[in-house]
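J.: According to TrEMBL, the protein carries these features:
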type     : residues : note
REGION   : 1-58     : region 'Disordered'
COMPBIAS : 43-58    : compositional bias 'Polar residues'
DOMAIN   : 57-149   : domain 'GDP/GTP exchange factor Sec2 N-terminal'
COILED   : 67-151   : coiled coil
COMPBIAS : 156-173  : compositional bias 'Polar residues'
REGION   : 156-203  : region 'Disordered'
COMPBIAS : 184-198  : compositional bias 'Polar residues'
Amino acid sequence: SQASFEEDSQKEPAVGHWKTLMPSKGSKEEPETGCQDAGGADETQSTEQLNVSRLRSSSVEIREKGSEFLKEELHKAQKELKLKDKECERLSKVREQLEQELEELTASLFEEAHKMVREANTKQAASEKQLREARGKIDMLQAEVTALKTLVITSTPSSPNRELHPQLQSPSKTVFRKGHGRNKSTSSAMVSAASQNVAPEPVSHERKEVDSILFAEFQAWKESPTLDKSCSFLDRIYREDVGPCLDFTKQELSELVRVAVEQNTLTIEPVASQMLPVVKVSAEECGGPKKCALSGLPRTCKHRIMLGDSGNYYYISPSCRARITAVCNFFTYIRYIQQGLVRQDVELMYWEVMRLRREMSLAKLGFYPSEM
């Protein structure tokens, strides 16, 4: 195409010269017209060929340029398409990540909601249990107050109540006191008021001496009272008193009783004469009105126990009841000390603990009040 273009540029003056051969007005060269026409036809034919070749070369050039342009556009479109594909892929990943985070958030919210519901149910159950325990303690305290009032009312100068006057007991008869040291001052005050006009009777003084080792262990426990039996004070009492006192023939039931006493979930109630045994386990395990469930011996059972909220009742003999009651009294008193409800001198609290230990020892040996 470049050769054609140079060839056309070289022949450009001839074409211009042919254009100047046009006849002008008054020209004297008319006889040469025929020759010039023959030469002009040849030149016109060559010019047309040159024009055709030029057009062909131009069309080829345009086609090549158009092809290059289309290739460039196609390349650009492909690049843009790749960029859009990458952007779509990135947006898809972002969407998947957001969906996953949304699912995790929803799952965590549901889990948190279920956890809150479980905690609320647990707290409600614990509150209801504490309410039942509080009501049981209130009933127990009311019964103790009623019994104390009855004892005080029945004590007169002419016939004093021997429960309130231990010095009137015969030396061969041992009577257990009910309750703990918290009623001691009230009972003493009422007794003194009731017996102002009575001549003082001889009192058998009991000599006591503080054991330095036991007192030191109690003092160390009193500084930070706890129910953990790993401390030296409670460890000794468990080994010497609580363990032997709650060691019954039925070992498995004895362990359940010990745990219930420690957790303060044991209930003792009297058995009415017309009441039939209501149990959920075998009669051999629970005993009956004529058979003790702890010792397995044929005994008249006036009381029965329930361990926690199990709903199972176990009939117990008076001796077993005395042993369980002695241990319960001990644990009740040390719980009062732990809660700060006992406002006494350390030595007075120590002797009260020793008295409760003596009651456990006597109950273990088989001694119990006749009214049991």
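Cβ atoms here come from the backbone N, Cα and C positions, even for glycine.
In TrEMBL, annotation is done automatically, which means it is predicted and not curated.
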J.: If you average pLDDT over the domain 'GDP/GTP exchange factor Sec2 N-terminal' (57-149), what do you get?
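T.: Mean pLDDT, the domain 'GDP/GTP exchange factor Sec2 N-terminal' (57-149): 89.
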J.: Please spell out the DSSP helix, strand and coil residue counts for the compositional bias 'Polar residues' (43-58).
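T.: With helix first, then strand, then coil, the compositional bias 'Polar residues' (43-58) has 16 helix, 0 strand, 0 coil.
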